[in-house]
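*Asks:* Take this structure first; my questions come after.
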Amino acid sequence: MGQAKENHEDVPLDENGRPCRSCTSFKSWMKSMNKRDNLASSRRPTTPSSPAATVASDSDSPDRPQRSDCPVDKDELGRNTWSFLHTMAATYPEKPSVEQQSDMRSFVHLFSKFYPCVHCAKDLQEELKTNVPDTSSQSSFAQWMCRMHNTVNKKLGKPLFDCRKVDERWKTGWKDGSCDV
């Protein structure tokens, strides 16, 4: 997997030197693209801008909503990844075979090597050196996953989740019935 480099604006770059969408929030990525475009346009001779050019630059504001059919940014990738991982842990067998336990540990380790956000992947690889996945049962794996998620949330300054409620959140739904159809 290619190493993401950092540019002068602390936006990770992909192996081709372009801002890495899956390593950056949409707003940060858009700001870096706008700065790049502004720098490029400041090097061009000044000509009167057309109304279409003005509209295009106004619509490229970092505050505009992102289309749903664009490549995901770091934040959306993270949310979707955690949804997948927690759901996988919630549906993991309560009494997994030795092979299932081994396969799940292998999955987590391989996942950490191929995760699209390079600095996130490296952080997960470091965590896994001291925090081995507990794949002995569904409840153990779900609790391990919750603690791992909380480790990441703490690093990001986000609220921690009460891991006693992991089954309600990812397996059975809230006790108040609000998830029932």
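A Cβ is built for glycine as well, from the same backbone N, Cα and C atoms used for every other residue.
The structure displayed is predicted, hence computed values, not measured ones.
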*Asks:* Looking at 1-20, 121-140, I want to know which stretch TrEMBL calls region 'Disordered'.
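*Replies:* So the range that TrEMBL calls region 'Disordered' is 1-20.
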*Asks:* What is the number of residues in the domain 'ERV/ALR sulfhydryl oxidase' (70-170) that are helix, strand and coil, as DSSP sees it?
*Replies:* 73 helix, 0 strand, 28 coil
